[in-house]
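Everything below concerns the one structure shown next.
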């Protein structure tokens, strides 16, 4: 058994246990930060292994595939693990200044690490039922994180989040069970051959649709997104940053995995639906955001519209489009988590997230204003930031296929995104504060200020870096997309025994 | 036997949908409980039902001559039941908190996080 694949999952859980045991001590958050640093190192190690071998796989307890549980990382999986570790570290540091002693005593840091562990597990597993288990791990910790502190508004948001996510879970479980009943295997690599060899392809498409609805609910695509804008603006800012960055993307990842690896038999049907879903998701998300006047609510609706771009990459299914989807996924996680962190600092300085009662940040906190512009413009797709390349590739891929309407929707969504970002800029940063408050960054104690700002600066630097030197990232995403569209290496590694 | 289980699963699903659409949080949760049991039954049936056939191999590891039960769906079910139980316990706790906070369980009236136009 190779530890390269197992350790990135184990470390967050060990950290969670330690943080939970020592939750009453002051500074229990440092355990979480230390664990996140170790996770980051392990994730880089995994990525290097994947760069060297293409795909790495290991069988848990040495039960040969397809009978045991497989852990496997290809380019996409390893990149997702790395980005999870990056966001995990950024939010763990940020949370040191933001999560109070009361929440820490309730086990906030431990739960946060459990969530990160669950997300990492979902990205690394090669077994469909195991994926369900990881979904449950991250779901239950996200439930508790959502309501910790117990404000009325958070309870209200949690009711919708919990109920709709439970339905998606039941659907996923049912689909996994039926898949097993029909094919006799749950190993994802083994399933590809088993599904395409099944005599009743209609039945396979039915099961595929159940997966699409189950994962679609998790990914918050049209018309299944209602839980997201109902809940993401209610919890701690640190919680909503990690939710916004990672959780819906687990759904997108699962969609990409299942619809490139397993259910590719009837693409005329499944991917056509995904294409429509992608376009409608982009439009509804961005239009919903235009109607909002709360910092976090605007950002929440933008998560939905951005999910549309990623699903679009999957729906078009050409090498260029899937590459665009993968690139978008990676770029978006950094940008979105960063915007929520900035919203948190803005809330701390101005006292509210309602755009009509705050303002003056440009004059009193110019550093924060500059830091906001980077992810905001990247989200809208301004060159030379990371979002520009992601959008450019997807639009080009749609035009190559003659899908002019799709390209138009993608461009229109980008344009309307600028509208929302301008609104936040004008209301929160540009105009004077209605109560003449001067919300300066220096009002925050020095230690807390650096804990809050350093993750934001680091994430913004990554956005700029990807934008200025896109070449290695594009090459990486291209190889990742090739692996997704031709999973023969993935299948050979998983079924071929214990790789290094 | 499969037919009976399939019909039962369908019946439970129908009851679950009816309960979940009623607009009351507690009824919704009971609906969800029925739904997850319907799914459990479906998985159980999809793994093929056998009667009195132990999932044991012969002494030398060879397949036995008689019919064998498939133990994997049962292992999946056990996992799903345990996880479902945990989630349901949390959801019930949340319901109690919601009832204490709002004084009712009508889902349509829970608009605190998403106020309607005009009432801020």
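Here the Cβ of each residue, glycine as well, is placed from N, Cα and C on the backbone.
Keep in mind that TrEMBL annotations are predicted by a computer and have not been checked by a curator.
According to TrEMBL, the feature domain 'NADH:quinone oxidoreductase/Mrp antiporter transmembrane' maps to A:126-417.
Summarising the annotation, TrEMBL assigns transmembrane segment to A:6-22 (among others).
Summarising the annotation, TrEMBL assigns transmembrane segment to A:29-51 (among others).
Residues 5-6, 8-9, 12, 29, 32-33, 35-37, 39-40, 42-44, 46-47, 49-50, 54-57, 109, 112-113, 116, 119-120, 123-127, 130, 185-190, 238, 241-242, 245-246, 249, 253, 256-257, 326, 329-330, 333-334, 337-338, 341, 344, 451-452, 454-456, 458-459, 462, 476-477, 479-480, 483-484, 489-490, 493-495, 497 of the same chain lie 6 or more positions beyond the ends of the transmembrane segment (A:63-94) yet place their CB under 8 Å from a CB of it. TrEMBL lists A:63-94 (among others) with the feature transmembrane segment.
According to TrEMBL, the transmembrane segment annotation covers A:106-125 (among others). Through the fold, the transmembrane segment (A:106-125) approaches residues 5, 8-9, 11-13, 15-17, 19-20, 23, 28-29, 31-32, 35-36, 39, 69-73, 77, 80-81, 84-85, 88, 91-92, 95, 99, 131, 133-139, 141-142, 144-145, 148-149, 236, 238, 242, 246-247, 250, 253-254 of its own chain, all at least 6 residues removed from its boundaries and within a Cβ separation under 8 Å.
Per TrEMBL, the feature transmembrane segment maps to A:161-182 (among others).
Tertiary neighbourhood of the transmembrane segment (A:202-225): same-chain residues 135, 164-165, 167-169, 171-172, 174-175, 178-179, 182, 195, 247-252, 254-255, 258-259, 262-263, 265-266, 269-270, 273-274, 277-278, 280-281, 284-285, 303-304, 307-308, 311, selected by CB-CB distance under 8 Å and a gap of 6+ residues from either end. Residues or ranges marked as transmembrane segment by TrEMBL: A:202-225 (among others).
Residues or ranges marked as transmembrane segment by TrEMBL: A:237-261 (among others).
As annotated by TrEMBL, transmembrane segment applies to A:273-291 (among others).
The feature transmembrane segment is assigned by TrEMBL to A:303-322 (among others). Listed as Cβ neighbours of the transmembrane segment (A:303-322) (distance under 8 Å, sequence separation of 6 or more from its ends, same chain) are residues 219-222, 225, 228-229, 232, 244, 248-249, 252, 255-256, 259-260, 267, 271-272, 274-275, 277-286, 288-289, 328-329, 332, 336, 379, 390-391, 393-394, 396-398, 400-401, 403, 406, 410, 413, 417, 478, 481-482, 484-485.
Residues or ranges marked as transmembrane segment by TrEMBL: A:328-346 (among others).
Feature annotation from TrEMBL assigns transmembrane segment to A:405-430 (among others). Long-range neighbours of the transmembrane segment (A:405-430) within the same chain, counting only residues 6 or more positions beyond its ends whose Cβ lies under 8 Å from a Cβ of the stretch, are 275, 278-279, 282-283, 285-287, 289-290, 293, 295, 298, 301-302, 305, 308-309, 312, 316, 346, 350, 355-356, 358-362, 369, 372-373, 376-377, 379-381, 391, 394-395, 398-399.
The transmembrane segment annotation in TrEMBL covers A:450-469 (among others).
Under 8 Å from some Cβ of the transmembrane segment (A:237-261) lie the Cβ atoms of residues 76, 80, 84, 87-88, 91, 94-95, 98-99, 112, 115-116, 119, 122-123, 131, 135, 138, 142, 145-146, 148, 188-189, 191-192, 208, 211-212, 215-220, 228, 270-271, 274, 296, 299-300, 303, 307, 310-311, 314, 317, 322, 325-326, 329, 332-334, 336-341, 343-344, 347, 484-485, 487, 490, all in the same chain and six or more residues away from its ends. Within its own chain, the transmembrane segment (A:328-346) is flanked in space by residues 79-80, 83, 86-87, 90-91, 94, 98, 237-238, 240-242, 244-246, 249, 252-253, 256, 295-296, 299, 302-303, 306, 309-310, 313, 353, 358, 361, 368, 371-372, 374-376, 378-379, 386-387, 389-391, 394, 428, 441, 452-453, 455-456, 459-460, 462-463, 466, 473, 477, which lie at least six positions past its ends and keep a Cβ under 8 Å from the stretch.
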